[in-house]
Amino acid sequence: MKDMAFEQAHVWHPYTERARPQRLHRIVAAEGIWLTRDDGGRMIDAMSSWWAAAFGHAPAPLVQALKDQAEVLPHVMFAGLTHQPVIDLTRQLVAVMPAGLDQIFYSDSGSVAVEVAVKMAAQSQVNRGHPQRTDLATARGGYHGDTWKAMSLSDPETGMHAQFGRALSAQHFVSRPPIPFDAQWSEDPVRNGLAEVETLFRTHGDRIATFIIEPVVQGAGGMHFHHPGYLRGLRALCDHFGIHLIFDEIATGFSRTGADFAIETAGVTPDILCLGKALTGGMMTLAATITTKELAATVGALMHGPTFMANPLACAVASAAMDLWKGRDWSARARAIETQLAAELAPARAMTGVRDLRTLGAIGVIEMEAPLPVGRVHRFCMESGVWLRPLGRLLYAMPPLSIEPDELSRVTHAMLTIAKGL
Ligand code: PLP
């Protein structure tokens, strides 16, 4: 059997049915913003490979760090042992985190970082004398990953895990934060959605361990950008009701929104913060759950230990990625991308079938009235040399921050062509 036929016969891809495999493009190389196919064609990776390759694919210092580390210590278990790459990476992370967030638990994917965060929160509540506080709360429209608890914290009705229904343990949901990022902040708690949070906390707060939210950008749950005022209100309510606050910055961290971390726009610090994706420049699988000494003290021994926790290869690459990130003002770059995305995508507003256009940092979203035809979009991507993967009704770009203006214009042109109806 030829390779691609064999692949299609045996390999199961994400979010697809085995009975209806999607047409695949075989990628043979990735460098900078470019993906090279086996037919020699090149495509701009306007998705940053699921938002991870924030500084472009395979930056030379990261590749070198990987090679160097592979020669001395590719892996070692992390219980009772440690290594230099994790020490180096931790120094870098502690230096850029808000004051107080300096206790880091490493895991191997964003979803697991979220699982770890909710475990920390629940275990801390039990040890603080609140064993009944085991429920979790969140806002609709979120996405926190595909593992069991992470799924149950993603929107049960509109989210991609709806088919699991009652098998997902019921959590407490409030409405999606209603005030958009760039709208006038309302001090009215009803209009800004915080009255609903307060009611939830007053009614069920004594059973709730934690509230989790993606700060400013709710990503895969609908690509909505909410006002930072909501996060400030959440912080105050969580403090008042003794509920731990988790910010999931797995998608937004490392300059994506035009700030180093999205929480900066709100000026509040969570009790627990999750990072992933761009942490290794998108090259290796590594995530971090970061909390305070005070919270860590109430957790005691955290009953979690992934086999590949703090893998030295991933930590060495992440350390090099942090150097790369700190060596340039990537947040300014993201803001420049936002300006260009907003200007060049503006014609979409007048198109039939387009419901909304949103831009924030290096994120551009055209929301359609109806789901996009994925097969046709993929064929068009092949021909136009711009890789985009719609999410239902959402056509969006999250390009590497290293993209040049003329290259970004190719992306926006492709998006407008798709939105127009191909
Ligand atoms: N949290 C957020 C906000 C995400 O966007 C994602 C992935 O898209 C995850 C968690 C899950 O991360 P991973 O796919 O690495 O498990």
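Glycine is treated like the rest: Cβ placed from N, Cα and C.
Fair warning: this is a prediction, and the values are worked out from it, not measured in the lab.
As annotated by TrEMBL, substrate binding site applies to Trp50, Tyr143, Lys277, Gly305, Arg389. TrEMBL lists Gly110, Ser111, Asp248, Pro306, Thr307 with the feature pyridoxal 5'-phosphate binding site. Residues annotated as N6-(pyridoxal phosphate)lysine in TrEMBL: Lys277.
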Rounded Cα separation (Å) that holds between Asp248 (pyridoxal 5'-phosphate binding site) and Arg389 (substrate binding site): 23
When distances run from the Cα of Arg389 (substrate binding site) to each of the binding-site residues Ser111, Pro306, Thr307, the nearest one: Ser111
Nearest-integer angstrom distance between the alpha carbons (Cα) of Ser111 (pyridoxal 5'-phosphate binding site) and Lys277 (substrate binding site): 11
Gly110 (pyridoxal 5'-phosphate binding site) versus Tyr143 (substrate binding site) - Cα distance in angstrom: 11
Under 8 Å by Cβ from Gly305 (substrate binding site), same chain, sequence gap 6 or more: Phe78, Ala79
Close-lying binding-site residues around ligand 1 among Gly110, Ser111, Asp248, Thr307, where CB distance stays under 6 Å: Gly110, Ser111, Asp248
Rounded to the nearest Å - Cα separation of Gly110 (pyridoxal 5'-phosphate binding site) and Lys277 (substrate binding site): 7
